[in-house]
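Per Swiss-Prot, active site is recorded for ARG173, GLU345. Positions annotated as active site, proton donor by Swiss-Prot: SER249. Feature annotation from Swiss-Prot assigns domain 'FAD-binding PCMH-type' to 26-197.
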Amino acid sequence: MPMSRPDSAVSLLPDYSLRAHNTFGFDARARVAARIGSPGQFASLARDPRVAGLDRLVLGGGSNVVFTRDFDGLVLLDEIRGRALVREDDGAWYVEAGGGENWHAFVEWTLAEGMPGLENLALIPGTVGAAPIQNIGAYGLEMKEHFASLRAVELATGELVEFDAARCAFGYRDSFFKRDGRGRFAIVAVTFRLPKAWTPRIGYADVARELAARGIDARAVRARDVFDAVVAIRRAKLPDPLALGNAGSFFKNPVIDAQAFAALRAREPDIVSYPQPDGRVKLAAGWLIDRCGWKGRALGAAAVHERQALVLVNLGGASGADVLALAHAIRRDVLGRFGVELEMEPVCL
């Protein structure tokens, strides 16, 4: 796969502003930063005496991070680009993309190349390298369903390591890289398996409604139709980070056991829920937050978005600490009313 630039000496950027590298727009600063354009540059910094002993943070699109303070260490800005069909067989295409590739642009490219499968994940902010960390998902599809493998550099040693799905240990918005592997690796390339026998995922009510509104027969739907529908839905519901700082969905949809759900539904008969294959039930965190009266409310310059209660926004001038205080207040109220603990999606630093 082509990379954005060849291995070369890495220039260090002292006292570097991260405002343009996080979608909340917080003006945190890094003690030092480096732009990384190849796996070899990640590896070289493992042995570089200029940054010996510094904590390290890999940043892609910055759409899943809340800076509550400056970062007193080395921030590695992943700019590894490139995307290509690396092989195919009778059943599938295998496509690889660099960790610094924009996720949405990559999804659009796969469709333009006639390789559908990722269209339900359109317009999710961030980079390809961040997608496995979070096991991103939307509208009935999780990234892990099309994941083949990834390559990552171990930051402490510079070793290039290959991960299959089992080693990644994917869960709901979760993976090895958020647990035991947190902060240890930089994902430099991800390979996806896209089956040639394409089946549309249009079971979500929002997607079905959008397709119907466009006059598209579900029996004749194309991957591009699903892509366009998802993009339209997300643009209608979610604020553009360039206009209003945010990190997308701030809370995970909680999953509870069937007994707890039965008790909850007895008190809240109109609760929004989604049965899971293992017998548990996923709840809509946005509905819980809305019922607690938080939708559209603000604490200072941090607020809950008026159209989507899952999204916390920076109205202008908010700090990471302000957003975190708002998140804690929401979690407290949801726990008090429903007995359900919300888990935050972004990493708070």
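Cβ atoms here come from the backbone N, Cα and C positions, even for glycine.
Structure coloured by features recorded in Swiss-Prot.
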| residue | record | CB count, 10 Å |
| --- | --- | --- |
| ARG173 | active site | 19 |
| SER249 | active site, proton donor | 21 |
| GLU345 | active site | 20 |
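DSSP gives ARG173 (active site) a coil state; it is part of no helix or strand. Rounded to a whole number, the C-alpha distance linking ARG173 (active site) with SER249 (active site, proton donor) is 11 angstrom. Distance noted between the C-alpha atoms of the residue listed as 'active site, proton donor' and GLU345 (active site) is 7 Å. Model confidence over the domain 'FAD-binding PCMH-type' (26-197) stands at 95, taken as the mean pLDDT rounded to a whole number. DSSP gives SER249 (active site, proton donor) a strand state.
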